[in-house]
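Novice: Here's a structure for you.
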Amino acid sequence: MDKLSIRDLSLEGKKVLVRVDFNVPIKDGKILDDVRIRSAMPTIHYLLKQDAAVILVSHLGRPKGGVFEEAYSLAPIVPVLEGYLGHHVPLSPDCIGEVARQAVAQLSPGRVLLLENVRFHKGEEHPDEDPSFAIELAAYADFYVNDAFGTSHRKHASVYRVPQLFPDRAAAGFLMEKELEFLGQHLLVEPKRPFTAILGGAKMSSKIGVIEALLSCVDHLVLAGGMGYTFLRAMNRQVGNSLVEESGIPLAKKVLEKAQALGVKIHLPVDAKVAKQCDSGEDWRELSIQEGIPEGLAGFDIGAQTIELFSKVIQESATIFWNGPVGVYEVPPFDQGSKAIAQCLASHSSAVTVVGGGDAAAVVALAGCTSQISHVSTGGGASLEFLEKGSLPGTEILSPAQS
C-alpha cells in the first residue's frame with residue numbers, strides 16, 4: 001500500500017481523530033447488523049494499545065443537516081461499542097462547538113470518545129459552504145485516520161477536507177488497508193486467473209462504468225439479476241414483463257461487442273424462475289430463456305440450469321468478485337439463486353473471493369458463509385467506484401507512505 005499506515009505513527013499520549021463508518025441499520029433504537037462497528041474494532045484496539053486517545057467520527061443515515069434529529073443520533077452505537085471495548089464510551093452531544101471541545105479536552109489516553117453524527121451539520125456534506133466545520137474537527141487531534149472505506153467515495157468534510165489539514169499525518173486504518181489490498185492488489189493489479197466478475201442487481205445504467213472498467217481486466221463476466229434481462233433483450237430474447245431498462249439496451253449491445261473484441265466471455269442466465277408477481281413467492285415455475293418468457297410473467301431469480309452454469313464458471317476461476325444479487329433474495333424461493341452463488345464462493349477455498357455491496361453481503365450472511373469469503377467489502381458504491389477509477393477521494397488524499 002502506498003499510503004501512510006497507522007503502524008507508522010508514534011501514538012503514545014496523542015489524540016487521534018478516526019473517521020469510521022457506523023452507518024448501521026437501526027430499528028426501534030436497536031442495531032440490526034453491527035458488522036461495520038465490528039470491522040472498525042481492530043483499528044480502535046490498536047490505537048488504544050498504543051496509549052492513544054481515540055476520537056471517533058461518523059455519520060448515520062441522511063438527516064436534513066443543520067439540526068439535531070433523534071432518529072439519526074449515534075446514541076444506539078454506544079452500548080455496542082462499550083460491549084466490544086469493555087469500558088464506558090461517552091457520546092458528545094455535538095461534534096463541534098464548546099461541548100465537543102470540552103469532551104475532547106477531558107479525554108485521557110487509552111480511552112474512546114464518540115462524537116455525534118457529523119451530518120447534523122451542513123458543513124459535512126457541503127464543505128465549501130462552511131469551511132470552518134473541517135477546521136474545528138481537525139483541531140481536536142494530532143493525527144487523522146480514515147477507516148471508513150464505505151464513505152470514501154464522497155468529498156465530504158470528515159473524509160476529504162479534514163485529512164488535508166494533517167500534512168504527513170493522515171493515515172489509513174486497518175480496515176481501509178484491507179479494502180485497498182483486496183480491491184486494489186487482488187482485483188485490479190495482480191488478480192490470479194481466471195478472473196471472474198459477477199454483477200447482479202436491478203439497474204445496469206448505475207453500473208455501466210464498472211462494467212466497462214472490468215472488461216479490461218476480467219476473463220469472465222457473469223451478468224444476472226434485473227440487469228441480466230436488459231442484456232437478454234439486447235440479444236433479442238423474449239423476457240416478458242421482466243425488469244428491463246429500455247434506455248440501457250444500446251449500452252448493453254456495446255458491452256457485448258466490446259467483450260467479444262477483448263476476448264471476455266459473457267455468461268447470462270439460461271433459465272429463470274418466473275411468476276406473475278414476486279410478492280408472495282407463490283405460483284412460480286422455471287422457464288428456459290431459449291423458449292422465452294411470455295407476456296404477463298417476469299423473471300425473479302435464476303433457474304437450476306443457470307445455477308449449475310454459473311457455479312461451474314466460479315469453480316474454474318481463481319479470483320471472483322461479486323456485486324449485486326441475482327434474484328429477489330428477500331422473497332423465497334427467489335433467494336435460491338443468490339444463496340447458491342454465495343455457497344459456491346464459500347466452498348471455493350483455493351480462490352480469492354471478494355463480495356462488494358450491501359445486498360450481496362446480506363445474501364452471504366443469510367447463507368451463513370461470511371467467514372468463508374476472502375473479503376466482504378464494507379463499501380457498496382465505494383467498492384464499485386474504486387474498481388471503476390482505481391482510487392477514491394478519501395483514499396487519494398491520505399498521506400503517502402513513509403519511504
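Each residue's number is its place along the chain shown, starting with 1.
Note that Cβ sites are derived from N, Cα and C of the backbone, with glycine treated the same way.
So Swiss-Prot lists these for the protein:
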BINDING   D21, F22, N23, R36, H59, L60, G61, R62, R119, R154  substrate binding site
BINDING   K207, G299, E330, G357, G358, D359, A360  ATP binding site
Novice: By a 10 A CB contact count over all chains shown, which of the binding-site residues listed here is most packed: R119, K207?
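Specialist: Of the binding-site residues R119, K207, the most buried by Cβ count within 10 Å is R119.
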Novice: Looking only at E330, D359, which of these binding-site residues has the biggest number of Cβ atoms within 10 Å around its Cβ?
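Specialist: Per the Cβ count within 10 Å, the most buried is D359.
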Novice: Rounded to an integer, what is the Cα-Cα distance in Å between D359 (ATP binding site) and D21 (substrate binding site)?
Specialist: 17
Novice: On a C-alpha basis, identify the one among N23, G61, R119 that is nearest to G358 (ATP binding site); the candidates are the binding-site residues.
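Specialist: Sorting the binding-site residues by distance from G358 (ATP binding site), the top entry is N23.
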Novice: Spatially, and counting Cα to Cα, which of the binding-site residues is closest to R119 (substrate binding site)? Options: K207, E330, G357, A360.
Specialist: G357
Novice: When neighbour density is defined as the number of other C-beta atoms within 10 angstroms of a residue's C-beta, which of the binding-site residues G61, G358 has the lowest density?
Specialist: G61
Novice: Fewest neighbouring Cβ atoms within 10 Å: which of the binding-site residues G299, G357?
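Specialist: Across G299, G357, these binding-site residues, the one with fewest Cβ atoms within 10 Å is G357.
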Novice: Let me know the DSSP-derived helix, strand or coil state of G299 (ATP binding site), please.
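Specialist: G299 (ATP binding site) sits in a strand per DSSP.
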Novice: With Cβ-Cβ distance below 8 Å and at least 6 positions apart along the chain, what are the contacts of D21 (substrate binding site)? List them in sequence order.
Specialist: R36, A40, S58, H59, D147, A148, F149, G150, T151, T378
Novice: Of the binding-site residues K207, E330, A360, which one has its Cα closest to the Cα of N23 (substrate binding site)?
Specialist: A360
